[in-house]
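Engineer: Grabbed the feature section from TrEMBL, which reads as follows:
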{"type": "DOMAIN", "residues": "1-104", "note": "domain 'PH'"}
{"type": "REGION", "residues": "145-165", "note": "region 'Disordered'"}
{"type": "COMPBIAS", "residues": "149-161", "note": "compositional bias 'Pro residues'"}
{"type": "DOMAIN", "residues": "168-229", "note": "domain 'SH3'"}
{"type": "DOMAIN", "residues": "235-332", "note": "domain 'SH2'"}
{"type": "DOMAIN", "residues": "355-605", "note": "domain 'Protein kinase'"}
{"type": "BINDING", "residues": "Lys382", "note": "ATP binding site"}
Amino acid sequence: MTKRSQNKRSFTPTNWKERWFVLSPENLIYFDGDRQSGRRKERGRVELSRVVAVECVNSVVFQRDYVFQLCYLSEEKEQYVLYIAAVSGYERDEWLGYLRRLVAANECLSDWYHEGAFIRNQWSCCKGGKDVAACTAVTWTINHNNNPPGHPTPSPTPPNGPLSDMMPHRKVVVALYDYNATTVGDMSLRKHDELEVLDDTQEHWWKMRNIKTKEEGFAPSNYVRDQGSLQQYDWYLGDATRHRAEVLLMNQEREGGFVVRNSTTNSGIYTLSVFSKHLPRSRPQVKHYHIKKDQEGNYYLSHHIKCPTIPELIYRHQLNPAGLCTRLRPISQGREAPTTAGLGHDKWEIDPSQLNLMEELGSGQFGVVRHGKLGSLHVAVKMMKEGTMSEDEFIEEAKVMRQLRHQNLVQLYGVCSKRRPIYIVTEYLCHGSLLNYLRDNERTLLNNTAVLDMCSQVCAGMEYLEKKKFIHRDLAARNCLVGANSEIKVGDFGLARYVVDDEYNSSGGAKFPIKWAAPEVLNFMRFSSKSDVWAFGVLMWEVYTCGKMPYGRMRNPEVVEMVQSGRVLEQPRYCPDDVYSIMQHCWTPVAESRPSFSEILIQFMNIADE
Ligand code: AMP
């Protein structure tokens, strides 16, 4: 790390030097020296028992990222500050964690510190002179008695008292991904940028200020996370299911490759999933471990290592398996940047001259779909055949659809509606339609994890639509798409309402998707989230048969008769009983008695954890 020189007599701006830091239970010692020869000379040390605060530094002060400070007392009880810049937020948090644990029992700990630094004869944070008391409340609980050091947790209550009133409440977030702004008023982000949120009233686009560059603008809210949240780590997958973790890790085949996710069975608990090829007498597989917490609040996976934070625990197991099946190794491919709700906070209409159109991807109900690029962003462009849709109504509705954003829905980016034919511009998925993908990959797909993962991904996308009270009306494998890492997304939601074609719109029409239709749709054209659930059962059947046509060669009237008499599709050969029973649930004749998508999702999770 680099250390700011201390120049103890005058607080003039000084320089930064690379130093080798060593932390012992008593001291933080820093050395200089030759990296290659390994010869190092001690340049100084801070006795940890004299430390009064260990805190981050407002990064603007030094125009440097990841700076933290150690405030300590000299033998003469004079207070000094050591400023250290780590190379990443991860490294800084690690050092903060270790240092705080070692100093937690210090009697001299202070409740206050200066968030800024003393530059040009004043503190940059409170503008006070050299002797002005610290102005910012410390961010972790201080243990003033001499109990054994516990885990320093963030202070649950905001600081009070006259000094804290001077500090306005700020929400500071960290960018998780790079983002290139394309619209006036929007702002580009670089991974790890620290940003102050100025306006979070729009769900998907927040106005922010880059703390370092001072630039202001809108950026996607799903590209940032609160400082200190696990989301900032590439290995954290949030609510991903057990199958998703398994599929991702099996695809990567990296010994020790791991992810951490929220446990599907116990809320508030985390699970570590690890891939290993070298388990005794077994094929490569993914093992799952619950991350437990002891009474002192320390996290542990095995009794060998206990740490106050999950990142610290992960880091320690990267050095040593310590009871796990293998040492943890970060997976090479980081998380992909997610889609954004539209291409800018206020951008909806896309100028077709900015679209670079490439190969044809296929054609469907509305016409040809082409692969395109908008700057560096891959997109799919549906070129709507004239007369196939009620365009004006669709353009109005699409403004609502653009606000729908979920990792398992094909993202609508915008439209080119100023000339005909209109284009609908959506996210591009490299493996095309799920139906073709199933048919092309029959041999490799028939393992339970991969197909269960597909079904639960579709279910997660549909659960989101259900919550938003948005009905799909044409859910089927042909309307889902497959992206990198076996990611499945539901597409064409709601479009069915704008089709101008009697053959598609009435249940007697040749193009009407009878084989996916619930009885109440066949009888009364009554669509609801529950009729989507019926269609989802049929989609599961398509997945488990690797893309067979439901009801085989039966003609539509025969299918209608079969459904109305209460008979359903047979159990696919490779479909386990518990999965088939979910399909049967979806095909409950009375709509109201069918499970909701959130109930089905829970059923999937229970299958996974058996
Ligand atoms: P559709 O008109 O939605 O039925 O699309 C026709 C075909 O185009 C699909 O079967 C896919 O093969 C392809 N396609 C449609 N949308 C996309 C997309 N967003 N990404 C990749 N391929 C797509």
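Note that Cβ sites are derived from N, Cα and C of the backbone, with glycine treated the same way.
Bear in mind that TrEMBL entries carry predicted annotations, made automatically and left uncurated.
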Engineer: Is the domain 'Protein kinase' (355-605) close to the domain 'SH2' (235-332), in the sense of at least 3 CB pairs under 8 angstroms with a sequence gap of 6 or more?
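Structural biologist: Between the domain 'Protein kinase' (355-605) and the domain 'SH2' (235-332), which are separate recorded stretches, there is contact, as judged by 3 or more close Cβ pairs.
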Engineer: Going by DSSP, is the residue listed as 'ATP binding site' part of a helix, a strand, or coil?
Structural biologist: strand
Engineer: Which residues in the same chain, at least 6 apart in sequence, have a Cβ under 8 Å from the Cβ of the residue listed as 'ATP binding site'?
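Structural biologist: For the residue listed as 'ATP binding site', the qualifying residues are Gly364, Phe366, Gly367, Val368, Val369, Tyr423, Ile424, Val425, Thr426.
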Engineer: In this predicted model, what is the average pLDDT of the domain 'SH3' (168-229)?
Structural biologist: 89
